[in-house]
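If you check TrEMBL, you get these features:
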{"type": "ACT_SITE", "residues": "73", "note": "active site"}
{"type": "ACT_SITE", "residues": "132", "note": "active site, proton acceptor"}
{"type": "BINDING", "residues": "98, 100, 132, 159, 353", "note": "Mn(2+) binding site"}
{"type": "DOMAIN", "residues": "181-276", "note": "domain 'Peptidase M20 dimerisation'"}
Ligand SMILES: CC(=O)N[C@@H](CCC[C@H](N)C(=O)O)C(=O)O
């Protein structure tokens with residue numbers, strides 16, 4: 001078991017070594033160095049050649065009826081940290097701005113508990129690379145990782161939430177998170193001298209028109225009672241004030257709480273790109289990539305049981321949430337295995353993905369206690 005001081009040390013160490021999707025080598029080595037210090041009697045490991053930063057750890061149960069999976073994401077974001085923390089990122093321009101360092105610390109705490117207190121059922125801990133992009137969950141599934149004794153009968157996973165009080169557990173039946181689609185739009189026109197626009201085809205003007213027209217998708221095509229998101233977070237064009245930009249690149253993300261909504265927004269964006277290309281005599285290549293970012297659908301039976309437990313656990317503050325437009329590739333695994341995703345409150349005024357994101361470390365121990373308590377009860381009861 002890990003004491004409060006160990007947990008804080010682990011969290012701070014992980015915070016200093018953030019790594020981008022599929023590059024989480026130091027992180028994985030660090031996780032292994034901690035887990036190798038636990039009681040090894042009930043533990044088995046699985047590594048994946050084709051997905052080298054992933055790690056699976058199985059805890060053998062003493063009277064197993066099932067295998068319960070617990071998934072934890074391990075990647076970080078290309079964000080330059082501005083928290084001013086003494087244990088800030090040492091990987092310049094990369095930060096655990098989504099709290100996966102906290103997720104890992106909680107998962108290690110739960111694993112440490114069951115490495116000592118052998119569980120009744122088998123437990124499977126999946127330390128998953130590439131949640132923010134590259135859909136590590138889907139990659140692992142497609143590599144056949146969850147087969148034989150490594151197949152979970154049910155899967156659980158959490159995400160930290162700065163809007164909930166420290167340590168509170170948030171969850172709801174049905175959809176917890178949106179499905180997403182990564183959008184890349186390449187615009188090709190003709191560069192030229194700023195003084196002779198008639199001889200060029202300006203992709204800054206074309207990109208501006210496209211962005212403005214795309215704003216009508218959510219305002220005019222999406223049912224306001226259902227909601228959808230189209231955000232462009234990156235726009236690149238031009239190099240100097242007096243050269244007309246012949247190329248532009250727009251990157252963004254689509255979000256919807258149902259697959260139907262995601263497909264509606266995708267379709268409207270395709271139509272608008274085609275129309276703008278014609279109007280501006282440009283070539284526009286639209287690339288849409290949903291990958292494994294399906295809406296995160298909680299299993300009804302298991303989630304009712306989970307919520308009931310959390311509501312009645314004396315040391316847990318449970319908060320019923322509403323669906324959020326954040327995405328998660330755990331949606332893919334929950335489409336393959338029944339399970340529950342839930343929030344862990346970390347009470348911060350800064351949002352997820354902010355360069356100042358500073359989750360309250362007090363959530364770690366509360367999270368571990370809530371999850372271990374739940375798993376022990378889940379193993380005793382049929383759902
Ligand atoms: C919890 C969270 O912040 N997840 C990410 C998931 C990224 C989805 C994908 N790369 C996309 O941008 O479409 C999020 O941004 O919600």
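Keep in mind that glycine also has a Cβ here, set from the backbone N, Cα and C atoms.
No curator has checked TrEMBL annotations; they are predicted automatically.
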Distance check, please: Cα of residue 159 (Mn(2+) binding site) against Cα of the residue listed as 'active site', rounded to an integer number of angstrom.
9
Tell me the Cβ neighbour count for the residue listed as 'active site', meaning other Cβ atoms within 10 Å of its Cβ, over all protein chains shown.
28
Would you mind splitting the domain 'Peptidase M20 dimerisation' (181-276) into helix, strand and coil residue counts from DSSP?
40 helix, 34 strand, 22 coil
Which of these recorded positions (73, 98, 100, 132) have a C-beta closer than 6 Å to some atom of ligand 1?
98, 132
In the three-state scheme derived from DSSP, which category covers residue 132 (active site, proton acceptor)?
coil
Determine, using Cα-Cα distances only, which of these recorded positions is closest to the residue listed as 'active site': 100, 132, 353.
100
How far is it from residue 353 (Mn(2+) binding site) to the residue listed as 'active site, proton acceptor', counting Cα to Cα, in Å?
10
Inside 8 A of the center formed by the CB atoms of 98, 100, 132, 159, 353, which other residues of the chain have their CB, for the recorded Mn(2+) site?
73, 75, 76, 77, 96, 97, 99, 131, 352
Of all the binding-site residues here, 159, 353, which one's CB has the most other CB atoms within 10 A?
159
Local backbone state of the residue listed as 'active site', from DSSP in three classes
strand
Give the helix, strand or coil assignment DSSP yields for residue 159 (Mn(2+) binding site).
strand
Averaged over the whole of the domain 'Peptidase M20 dimerisation' (181-276), what is the pLDDT?
98
In the chain carrying the residue listed as 'active site, proton acceptor', residues 6 or more apart in sequence that have Cβ under 8 angstroms from it:
20, 21, 75, 76, 77, 98
Per DSSP (three-state), residue 98 (Mn(2+) binding site) is coil
